[in-house]
Amino acid sequence: MTESVRLPVARLKPSTVALPGSKSISNRTLLLAALSDNACEIHSLLKSDDTDRMLEALDKLGVQIEYLAEDRLKVHGTGGRFPNRTADLFLGNAGTAFRPLTAALAVLGGDYHLHGVPRMHERPIGDLADALRIAGADVEYLGKEHYPPLHIGKRQDNGERVIPIKGNVSSQFLTALLMALPLTGQAFEIRMVGELISKPYIDITLKLMAQFGVQVANENYRVFKIPADAHYHAPEHLHVEGDASSASYFLAAGLIAATPVRVTGIGANSIQGDVAFARELEKIGADVVWGENFVEVSRPKERAVQSFDLDANHIPDAAMTLAIVALATGQTCTLRNIGSWRVKETDRIAAMANELRKLGAKVVEEAEAIHITPPKTLTPDAVIDTYDDHRMAMCFSLVSLLGVPVVINDPKCTHKTFPTYFDVFSSLTETTE
């Protein structure tokens, strides 16, 4: 029997939410710290399934990690060489662990088996494996061609220093390559083949690599140059920003409910691209206040939420939240250039279309777009399937602010990035039923 939670019709209270640490920053930071030549104390690390999978993997690879407090730990770097050259690594459905670890282990070489949950074995990795093979890596598919699970063997340096890679499926492939190639000590040039999607996630990678002492030359997101003799040296202390993707639910709530909501842990100088979500809300009726360590959204009650037609390539995760905001506009809304949704935790375009229809919305799906026309009145007590996708569960919680109760199946899927989400959400609302 699937566990579910019923969210009654609710009113949002003026609120401040302290965000959990960013998933994207947490897992990148853990790996970079593990590969550094010194120790790094990491503060405000996200505690979630995805970071747990990365920590378990690093432990199996022989990395010494001291747990100092619930959200603070010290990683003792390995100097760019994992002590354990043989390991069996289960990585769940954590793309931010699977892709970068694949690249790092392939570049270092050894005898490694990488696998995950069934959905991870449906998420493509062929473009990354192809690029690593050009660099001399031994990457073998143990199941379906171009998909996990993988076996990684010893790398032979073949002298190849120019690595082409496709960027139109997942920016994590480029992130993985960027983080791994400095471990060789050689100069490399990475050349993009076709379009690079989700560029803001590459910005996160490059900014974090710079904090760990490796400066990559970025030539207009077409060519990336890694210097020779690079090595990772960690800052003694590193503070993880709040998760900007997780912020989107609370910021959207402030817009939908015309009630001020402030999120702390991100701000005007955040390195995460998903902070741009607040700027998109501003275009459709929100008042946004930016601080150094907060973003606040509200809306005057007399101002309507506007419809939108948005190219969401720059905010693929936060854009899911806009699919729910569309229900508050009363008019057809469109999200474009979201093809990457198809290969995330689930096929998010199909899943979003299915569940919005349960609420009475008219939805037209395209390969890389979704068109949403809200109904005059939403269907109450719709039972929303979440497809083991944390973002589906968090998005659809907002329906309870639109005047109808909603039932969310498998609410614990939020443990991937935000285990306390439903507790936090209910603390911000008052039941009006």
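All positions are counted from 1 along the displayed chain.
Backbone N, Cα and C define each Cβ position, glycine as well.
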Lys23, Gly95, Gln172, Arg348, Arg391, Lys416 bind phosphoenolpyruvate per Swiss-Prot; candidate in Arg53, Arg123, Arg133 listed for that same site: Arg123
Which recorded positions sit within 10 Å of Gln172 (phosphoenolpyruvate binding site) - Cα, from Ser198, Asp317, Lys344: Ser198
Query: To the nearest whole angstrom, what is the C-alpha distance linking Arg28 (3-phosphoshikimate binding site) and Gly95 (phosphoenolpyruvate binding site)?
result: 11
Message: Radius 10 Å, atoms counted are CB only; among the binding-site residues Lys344, Arg391, Lys416, which position scores highest?
response: Arg391
Statement: Counting other CB atoms within 10 Å of each candidate's CB, the least crowded of the binding-site residues Lys23, Ser171, Gln172, Ser198 is Ser198
Residue from Arg123, Ser198, Lys416 whose C-alpha is spatially nearest that of Asp317 (active site, proton acceptor), among the binding-site residues: Ser198
